[in-house]
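Here is what TrEMBL says about this protein:
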type     : residues  : note
TRANSMEM : B:6-28    : transmembrane segment
TRANSMEM : B:40-60   : transmembrane segment
TRANSMEM : B:66-88   : transmembrane segment
TRANSMEM : B:100-117 : transmembrane segment
TRANSMEM : B:151-170 : transmembrane segment
TRANSMEM : B:200-219 : transmembrane segment
TRANSMEM : B:225-244 : transmembrane segment
TRANSMEM : B:251-268 : transmembrane segment
TRANSMEM : B:280-298 : transmembrane segment
Amino acid sequence: MNSKKDTLLISLLAVFIGILLGVVILIASGHSPMILFNALLRGTFGINLTMGTGLNLRYLGEFIVFSMPIILTGLSVGFAYRTGLFNIGAEGQVMVGGMASVVVAIMVPLPGVLHVIACVAAGALAGALWGFIPGLLKSKFNVHEVVVCIMLNYTGMYFSNWVVRALPGSTESKTAMIPASASLNSDFLSGLTGNSRLNWGILIVIASVLLYWFIIEKTSFGYSLRATGFNKEGARYAGLKVDRNIITSMMISGAFAGLAGTIVALGVFNQGRTLAAFENYGFDGIAVGLVGACNAIGIVLAGLLFGMLKVAQPIMQIAGVPKQIGEIISSSIVLFVAMQYGIKIIIGRIAKRRLEKKEGSVSQ
Amino acid sequence: MNLLYEMFPMALGIATPIIITALGGLFSERSGVVNIALEGIMLVGAFVGATVSVLTADALGALTPWVSILAGMVAGCLYSWIHAYASIALKADQTISGTALNMLSTGLTIYLCQLIFKGQRTPTFTENFTRISIPVLKDIPVIGKLFFSDLYPTFYIALFLVLVTWFVVFKTKFGLHLRSCGEYPQASASMGIKVEKMRYIGVLTSGALGGLSGGIMVLTTNIQFSVLAIHGVGFIAMACLIFGKWKPFGCLAAGVFFGFSQTLSKYSGFIPGLKSLPSEFFYCIPYILTIIALILFARKSVGPKASGEIYDSGKR
């Protein structure tokens, strides 16, 4: 069995076909595909080939800022997927997480660094709670988590909007600015990267990635989660607490997503906002988690890849290419990853045919 | 009572696309394929409907909206073919394939919109659906004012489609075959039913209905197409399908009810007792009720049993 190698191959193949599709669309609509590659390079590092400008750390910082939340939602989706659950609810968990962290930031005055710790904890907890609901319903009533998650996404958005509006000092669209003690802003990190919005959220992301890797790969709890995902009935027969695993897994998954909302609220905007529509952090997380094959390192790499596509978008728009090409590429990558079973069969068939041909020519 | 007369046409207008899309979901799920992509399919239908409307308004005049929704229907059907091919022929995970199509729909439509119209939105429509009142019937006391005056003609399309769906899915041999594929595909196959073909028909029908409804939605509730044209109605339709217990008349009732809950959010200020509730509460109703319904249905087998399962002809 070389399934690990296969998964890596599928992911790389999907990314390749996705970018190829983007290039084909660009050519078909009369644009030079070089615009795409130039924008990717410029958005990530600030390097502009046509103008000849070199590395710009500010671009690098902004690129990391864009990648951070989708790495966290990628961890969220990946963690649930390892237990055989599809967390399409990361979107809602992001929103309640961000909302809860802002509520603590504004309503609970705490001294010094305690304040920001409490805010981050509140965000993770709110996300975990939002993940607990589908987990509970799945284990107790066998209700499919996907449908519950979709319903909770919208419930989460409206609920968060209502709370954000009800906070003291809020306008129709946003809360007051949070106190500096609750902010994740970092003069140090910002100064290091040419005044980008890079913030202490990066520590939360790094800690989450390490935690994810540790739980999944190194603990017996992670092993029992993976066993549950691999074969639920088998795991039950082996004496594992499948129901409890489902709930815990959804809660941890929700906590990762809640943290994504937290670092966006406390690190980038420094206030709570009401939303008219989803910001797609959760859906991007599905892309990141699946392309990263639900593996800690894979998720980081996939998060950076999708972050690159994000920062390239405005640059392409300025160059006269509709920026939605980035969305087309990332969603087609997901589609190709989804088709992996079929692709594997097709690859297998081709290999078999080749083998038959070889055997045929030998026997002749 | 006057307030009710005012609210009814609005609620039924909101309900129309919900009902039609839910019927689409019914075809797909009854054949055994979960279609999460309904939202994206609606967006594609809305974009193509809006584009055709803007481009042909001068030539077609009053016929424009009708041609446009038909174009949306064709576009939705074609778009859903991707979902069908991925999830039936390539045995992709239906949820992931649907999610990918939802993500693709926003990118694709706005990209094309920028190519065609040089902007993120289409120009405003000149030919729109207009509200009509049915002569004679509108003079019936109470009922006439509720169901036959000041309505978009598209609501009657929804009613008609409910009847057609009920007849096709529950009264014909084809419908029996379709439903069997969503309950126990291996048994259907042993009876000589082509499971994959039936599932293709289910998904493509859902695409056609979703596209039609997207076109209807943008041409009745909006003045132009933008990325927010559908704003979650495809997912409300999924809720509607569940709340309506995967049955056509259930979808009709649930759709009208959900339409009302959305309307109430705008009128709650005028109704004593509801004044103190925030408008978000009414927007949440469909979603919260659907979760409750799922819990209540859990012990009974209400939905199609094999819906969402990849068809494996070798499984027992």
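The backbone N, Cα and C atoms fix where each Cβ goes, and this holds for glycine too.
By the count of Cβ pairs under 8 Å, the stretch nearest in packing to the transmembrane segment (B:6-28) among B:100-117, B:200-219, B:251-268, B:280-298 is B:251-268. Across B:40-60, B:66-88, B:100-117, B:225-244, stretch B:225-244 shows the highest tally of CB pairs under 8 A with the transmembrane segment (B:280-298). Residues 33, 35, 37, 40-42, 44-50, 52-53, 56, 60, 94, 97-98, 101, 105, 154, 196, 199-200, 203-204, 206-212, 214-216, 219, 310-311 of the same chain sit 6 or more residues outside the transmembrane segment (B:66-88) yet have a Cβ under 8 Å from a Cβ within it.
Against the transmembrane segment (B:200-219), the recorded stretches B:40-60, B:100-117, B:225-244 differ in Cβ pairs under 8 Å, and the greatest number is found for B:40-60. Taking every recorded stretch in B:40-60, B:225-244, B:251-268 and counting its Cβ pairs under 8 Å to the transmembrane segment (B:100-117), the highest total belongs to B:40-60.
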